[in-house]
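Structure, as structure tokens:
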Amino acid sequence: MEDVLIHDKDEARRSRLVAVDSNSEQQAPYGKSVKDTTPLDNSEPEVTHEAEITREQLALGKRLLNWRTLVPLVIVIIALVFVAQKANINPQKTWNAVKNANIFFFLAAFAIYYLSFGLRALRWKYLLENVGFKPENGIHLPKYRKLVEIVYISFFANVVVPAKLGDLYRAYLLRQEINVSTTRSFGTVLAERLLDLIVLLLLFIPAILISLHQNMPPQLAIGMQILLVAVAIGVVGLFVLRLAREPIARLVPARFREQYYHFQEGTLGSFRRLPRLAVLTIGVWGCEALRFFFIALALNLIGGNIFHILAASIFIGLGEALLTVIPATGGGIGLVEGGMAAMIALFYTGADLVNQTTAAILLDRIISLFSILVIGFIVFIVAFSKKAARSTK
């Protein structure tokens, strides 16, 4: 795959794209136009301006209070309350299950989930280096700790607002730090998402086969087929983007062609050092699956031997991750809870299914949703307070 996506001509183009022009303006905090020199075709380079994504366009407060965000969220919350009442969830029994959960397994779930952010940041660093964000090209990436912070804030944004705005927000934050192309940075995020989806399915399918055997619901089989088609379309799209780069560019309006080239370089250029990226991606999804594995152990939720529990946990944990891909609500609220309840019901054989399932979902979402909201808000405020303080000096 690497040989198809990358060849020598791209190296020359990548070097030109990432070179920092000595006469370029330095970007002021939170958005000023920056000169960029990039050849739009095989002709001489010309000076262009990449359309700046401003802080106002990505303002989380405005997005959160937008009716497109609030209306789906209110509908989902009402639906969850209605379903909870119809399912006869007993708050006292649910609380007892939560209270009696093994605290050490819960803390292990919390720790393993937060380890994934370190792996995500390291993987993103390699993706950025793959597209030429290197010191030899005049670009110094932020320190590893800062990359972890940016990745975490992007997850906070994805929880706060729908439509996966956090993915674009991550590219915007990187531009604020080192003044690079937002569109090319976003291309690396898109490449990361496609890599995530491919590896996730490679782990998800065996987990289903091992844990469910012949008991796979037909709805799940249909969902699997849809996901496989989506991945196939994504891979084919990459090859088309690669092989028909210039024909596609001619279809793009001239004022957006610069962004197209940056996006194309960011997406296709990311797939170098693929074995290293694959190992890190497996590590990321391993952390996601182990999070629910420890939740299941904390509640003694799934019976059978340890291998069956692990396979079922991988299925549920990765299935939950797949549901968050649907950008209907921030953090997948509503979809994730409903999907988890259906998946847990496939494996739970004890008494009091409803309240045990509710307890498992609650403990899991405390880690994957509420902790992101609370800690993410603190990290967001601290990071931007430091940024504002530096800009006033």
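Yeah, the Cβs are placed from backbone N, Cα and C, and that goes for glycine too.
Per TrEMBL, the feature region 'Disordered' maps to 15-47.
Look at TrEMBL and you will find 65-83 (among others) tagged as transmembrane segment.
According to TrEMBL, the feature transmembrane segment maps to 103-122 (among others).
Counting residues 6+ beyond its ends, the transmembrane segment (194-214) has Cβ neighbours under 8 Å at 220, 224, 227-228, 230-231, 234-235, 238, 271, 277-278, 281-282, 284-286, 289, 307-308, 311-312, 314-315, 318-319, 321-322, 325, 346-347 in the same chain. TrEMBL lists 194-214 (among others) with the feature transmembrane segment.
Look at TrEMBL and you will find 220-241 (among others) tagged as transmembrane segment.
Marked as transmembrane segment by TrEMBL: 277-299 (among others). Within the chain, the transmembrane segment (277-299) has long-range Cβ neighbours (under 8 A, six or more residues past its boundaries) at 97, 101-103, 105-106, 108-110, 112-113, 115-116, 119-120, 122-123, 126-127, 195-196, 199-200, 203, 207, 271, 309-310, 312-314, 316-318, 320-321, 356, 359-360, 363-364, 367-368.
Residues or ranges marked as transmembrane segment by TrEMBL: 305-326 (among others).
According to TrEMBL, the transmembrane segment annotation covers 333-351 (among others).
Annotation comment: TrEMBL describes 366-384 (among others) as transmembrane segment. Within its own chain, the transmembrane segment (366-384) is flanked in space by residues 60, 109-110, 113, 149, 152-153, 155-156, 159-160, 291, 295, 320, 331, 333, which lie at least six positions past its ends and keep a Cβ under 8 Å from the stretch.
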The transmembrane segment (333-351): which same-chain residues, six or more beyond its ends, come within Cβ distance under 8 Å?
-> 73, 76-77, 79-80, 83, 211-212, 215, 217, 301-303, 312, 315-316, 319-320, 323-324, 326, 357-358, 360-361, 364-365, 369
